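Here is what TrEMBL says about this protein:
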- 37-59: transmembrane segment (TRANSMEM)
- 71-87: transmembrane segment (TRANSMEM)
- 93-113: transmembrane segment (TRANSMEM)
- 120-139: transmembrane segment (TRANSMEM)
- 145-162: transmembrane segment (TRANSMEM)
- 174-195: transmembrane segment (TRANSMEM)
- 207-225: transmembrane segment (TRANSMEM)
């Protein structure tokens, strides 16, 4: 297993643009009441930096590892979703929902179906059902089923990420743990969006949503680079 120190040394410098772009977003803190292409650019910039982070590992790396390609594709659809959500009050919320639904399908495929871990799947299913039960009285029209489908997809993605971490058997790597934490933060971010939009105002909702979202995407992007870091560690050994 690649040590965390090796990870920080090899991957940290490649993530510097992402951290800078995230700081720019929070420092500017552009008002959501006045959507513009500039605010869309600032919001999407950290995700663009994660594209570059994965591309910096080389086209040959992406070509050799389908999971990395799927995560890169998921980040592309995430940026489209972010852009649509800038104009959510103008009727583009469902467009953003669709883009992120595709993202979760891609991430689920990247995480794979092994190990199955049905216990984790059952826990996530119960939590997803509880979340939908909480939201259901506030939903109307197409959102009644759109939100249900979305919760199922993000719950499935969370299950596949969490299933990869087998702490009891010591069968885990830092990238699997990264994917797990990223998926959990993504679910927290999206649940906060849903509660804030459909149920009641959540204090500091935007800060909670964006902080957990950017952290989630960074951790999921990190989970794609295990193979290259393992290869590098073997060469140095």
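Heads up, the Cβ atoms here are built off N, Cα and C, so glycines get one too.
Beyond the ends of the transmembrane segment (93-113), by six or more residues, the same chain brings 66-68, 70-71, 73-75, 77-78, 80-85, 142-143, 146, 149-150, 153-154, 156-157, 160-161, 163-164, 179, 183, 190, 197, 220, 224 to within a C-beta distance below 8 angstroms of the stretch. With respect to Cβ pairs under 8 Å, the transmembrane segment (174-195) is most closely packed against 207-225, considering the stretches 71-87, 120-139, 145-162, 207-225. The list of residues near the transmembrane segment (207-225) in space but at least 6 beyond its ends in sequence, with Cβ under 8 angstroms from a Cβ of it, reads 7, 11, 15, 18, 22, 25-26, 46-47, 50, 53-54, 57, 65, 67-68, 71-72, 74-75, 78, 107, 110, 161, 175-176, 178-179, 181-186, 188-189, 192-193, 196. Only residues 6 or more beyond the boundaries of the transmembrane segment (145-162), in the same chain, are considered here, and those with a CB under 8 A from a CB of the stretch are 94, 97, 100-101, 104-105, 107-108, 111-113, 117, 120-121, 124-125, 127-128, 131-132, 135, 139, 179-180, 182-184, 186-187, 190, 194, 198, 220, 223.
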